[in-house]
Structure formats: C-alpha cells, structure tokens
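The block underneath contains the structure these notes are about, expressed in structure tokens.
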Amino acid sequence: LSVPTILTRMGVSEGFWHHEYWLPPGAIWEDLKESADVHYPQPQHLLLCIPGALLLIFVRCIFERTVALHLGRALGVSDKRRPKVQTNATLEGFYILLGRTPKKEELVSLAKKSDLPVRKVETWFRHRRAQDHPRLMKKFCEASWRFTFYFTSFFSGLALLYDKPWFWDHTVCWLKFPQQPLPSILGWFYLLELSFYCSLVATLPFDVKRKDFKEQIIHHIATITLIFVSYCANMIRFGMIVMLVHDASDYILELAKILHYLKWKRVCEAVFKVFAVVFIISRLVIFPLIVYYYFVTKVSLFPISCLISAFLMILQLLHIFWSYVIIQMIFNVILRGEKRQDARSDTEESERSEGEDLAKNK
C-alpha cells in the first residue's frame, strides 16, 4: 500500500498527503513503495511515540526514585530545612488565585483582613514562595535523568553513523533523495528521539520551571515538528545529523548542573567551559554553516522543505539566545566571580534569606 492509501484509511485527508506538498518536484509516493528488501518511512509508525513517551516517563520515574535518589544521597546532596508556613486561608487564597508576590497596598489590605502586622504577611509570602521552590534533590534527579538520556542518545547515534559516508559528506547525504532506504535501526532511533521530546512536553508542568520556560516550549514544539515532517518526507539522513549535532552539547550541560548541585565548584566550572565551547561550535558554526547551508543549497524548494527551513531558523534563533546567556554567565560568574546560581532556575528566594528565616525561628 502507498503512504496516502494507508493514511486515508486512518482517517487523514488524502489531499493533505499530496506528493507535491511532501516530496521534491518529480517525486511521487509510488517511488517509496516498500519491498521485501527495501524499506521506507511509514508515517503511521510515528503513532508509536505515544506509548514510547509513556514508557519513557515510567522509566524516568523509576530511575529518579531509585538510581538518581540513592546516588544523590551517596554524594551528599541534601535539601535544606525550610520555614514552615502557618495555615491562613486569606493569604493562601490570594497566593493561589491572585499572585505569589503582592504589591505594597495589597500587603496592607491583607494585613487588615488577617489581623496581622504587614511585616508578618510579607514574611508569610516569602516562606510560601520558598515552600514551592524546587528542592535540590529534585533538580539533581532531573539533571541525572537528562544526562543519562542525552549521553546514551549522542554516543548511540555516533556509533550508528560514524561509518556512513553520508554522515561525513553532506553532498552524499542528499544523493537519490527521496529514494533512500531506511535501515530499521535508524527508524527506531528516530522514534526514540520523538518519544523523548513528547515525554518532555508531557512533564513540563511537573518539572523544575526555568527562566527560559517559554523558549523551552518553543524548542520542544519545533523539534517535534521537525522530527515528524522529516520522517514523513524521508529526510532521515538529514534528521539524524541535526539530532546528533544538537545532542553533542546537551549531556555536558546536564553534567555541569549535576556538579553544580554537588557544589564541586572547580570541576563544574571546567565542565561548563567545555560545554560552552562545544555548544557554540556545534550550534553557531556547524549547524548554520554546514548542516543548514547544505540543506538550503541541495534540496529543491517544495512546501515541506520550506516548512523545515523555517523551523530550523527558529532553532537557530534559540541557539543565538542561549549562546548569549552562556557567554554572559561565563563572564559574570566564572571570570568575575559573582555569586553562582543555576542561571535557568526559576529562583525567587535565595538560600541566604531562607537560612536567616530559619535562624530567627529557632
């Protein structure tokens, strides 16, 4: 069966899958018919990302509650005791419904309603915000899971591609496109990456919220879209190269976070510098000047190639934004020696202020 026939039976409009939208000029879906020895991407296989994402979430929960938790405790990661918040229905209602940081006039109004001094109301909100602030162990476990996945993904992808001539020569990458047979192992790798990013989207509300939360959402949506359309259009070779270029620095960042949570300052700074170099080379040099350049020069213009080009440009803009943050962090924290904190954490209360509050309560 051809791709449009299969998808039409699945309830998807045949017009949506017209070959002029998905394939370069001169190519049709019949060119990608499978045989006993030759296999091509089948879009319906992407539905496996749903159980795949659920499975990864389950594996992550087990990993974080066993391996990462025990490892963190063994390495000395511990959560600081935080001030307890006294039950107050008025203040709690405002906190949940209207905001975590009331203005000065709102503090005065809440103080009158609660029959408390303004200073105590202000302290209550500070303690309440600290209560919602993610624990150090939670951050450590999340970073450990991401490090494990990115590390495995990058080196597995490298092992799969290092002997492929099209991995090293981007001219060869586009030869005979789109009639490029799909090795089953690359198809499964593609599904694994798609499942992982779907799992990240599903767990965003429960994960540690970062300052670049909105940028992360844009990144995940762009990544999922690129994986989906590149698979359907049989741009597997190009997609594998893009994923490998991106994975090259991700596991180093997660390792730097782990070292930061362990308070291994010197090792953390060294690893972060390595991450910065790898990130800038892979995202600001290799990706735009080699990978993206060959894409726009070797691939004919058709609707899906234009869509992919647009989303690749979105990723590149995010790369520039994050490179600026990384360089700024290296300059301010490492070279200037300013107070260190996780630059992407949604931090509202400093550990010092929490310590002072605890001391006052003793």
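Keep in mind that glycine also has a Cβ here, set from the backbone N, Cα and C atoms.
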From the ranges 3-22, 143-162, grab the one TrEMBL calls transmembrane segment.
143-162
Give the mean pLDDT for the DNA-binding region (93-136) on the 0 to 100 scale.
78
